[in-house]
Amino acid sequence: MAETLGIVLPIFGVMALGWIFARRSLISEAGVSGIVNFVFYLAIPALLFRTLANGAVEGRFDARLIAGFFSAALLHFALGWLVSRFVFRNSTEACGLAAMSGGFGNLVLVGLPLVQRAYGDAGLVPLMLIIMVHSAILFTATTLAIEAGRSGGGSWVRRLGGTLKSVFLNPIVIAALSGLVFGMLGLRLPGVVDETLALIGRGAAPVALFAVGATLATCRIAGDLREALVMTALKLLVLPVLVWVFAALVFDLRPEWVTVAVLAGAMPAGANVYVFARKFDIYVNRATAVVLLSTVLSVVTLTALIATLPAP
């Protein structure tokens, strides 16, 4: 357990420092925005592209990973929708956001640093494969679920098109796909380029975690706390179990990839949940509460999982 805490606590320690800096106004909102932009547009893309371009996936790609993880994720999305609709009596469109809040994980800003620290670059490979399609599948499911509760002719088509456009113009998705193609073609990065990307990528983990903490400093718990706690439980407890069932029992993935897939399922809710809530102007307070609660409570659940699951 001491070894596991040695992996997890520094991750959340850096996040706590970001929170303290923001709360004490040692960094401005503009500064936080700049840090987030550095992580989102440069550091994480550099890490993903370099890892995949250097052939990390060569001979190891397994479509069952995608099938297993997203079978669980979509089943869980449906479960979240049903709980929101029939337990908390939300509107049909709000149910789509509720399902997203209980299912969309922070695989990039929290997942990448944690998996890299726990399992090294070998653990990053399956996580990167999940990240490449994570937003596309869950953003699409959320948009369709929300628009199903709205009228307005062809508006849902435009919204869905806008969602898909934002997914495929996402620098993280572009970097991952480009790196995968680069590596599969057998190309190799020039030494100077490789070292430059490596240098930038090494800053991805600590800066991303600091940014998460600083961003959480602006979050407040409001609205129905009971519902936020239920959605948090679905995210941190139910989804990892479903991922394990599909990855280990249904699709019989190699144990080391099962471990990373389950951890991916156990990540706290991602900030895009809040972004979607603001975009559609629904479920804002509860989405914010789920992001905050799941991040704080995940220190316990992630520690337990890393201590329990076999190491890759």
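In case you wondered, yes, glycine gets a Cβ from its N, Cα and C as well.
Listed in TrEMBL for this protein:
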TRANSMEM  6-22  transmembrane segment
TRANSMEM  34-53  transmembrane segment
TRANSMEM  65-83  transmembrane segment
TRANSMEM  95-115  transmembrane segment
TRANSMEM  127-146  transmembrane segment
TRANSMEM  167-187  transmembrane segment
TRANSMEM  199-217  transmembrane segment
TRANSMEM  229-251  transmembrane segment
TRANSMEM  257-277  transmembrane segment
TRANSMEM  289-309  transmembrane segment
Check: Same-chain Cβ contacts of the transmembrane segment (95-115) under 8 Å, 6 or more residues past its ends?
Finding: 7-8, 11, 39, 44, 47, 73, 76-81, 83-85, 88, 123-124, 127, 130-131, 134, 138, 141-146, 148-149, 172, 204-206, 208-209, 211-212, 227, 231-232, 234-235, 239, 260, 263-273, 276-277, 280, 282-283, 286-287, 290-291, 295, 298, 302
Notebook entry, point to check: For the transmembrane segment (167-187) and the transmembrane segment (229-251), does the number of C-beta pairs under 8 Å, pairs 6 or more apart in sequence, reach 3 or more?
Noted result: no
Next item on the list: Give the one range among 127-146, 199-217, 257-277, 289-309 whose Cβ atoms make the most pairs under 8 Å with those of the transmembrane segment (6-22).
Entry: 199-217
Notebook entry, point to check: Most CB pairs under 8 Å with the transmembrane segment (289-309): which of 65-83, 127-146, 199-217, 257-277?
Noted result: 257-277
Margin query: Using Cβ atoms and a strict cutoff of less than 8 Å, what residues sit near the transmembrane segment (229-251) while being 6 or more residues removed from its termini?
Written below: 64-65, 67-69, 71-73, 75-76, 79-80, 83-84, 87-88, 98, 101-103, 105, 257-258, 261-266, 268-269, 286, 290, 293-294, 297-298, 301, 305
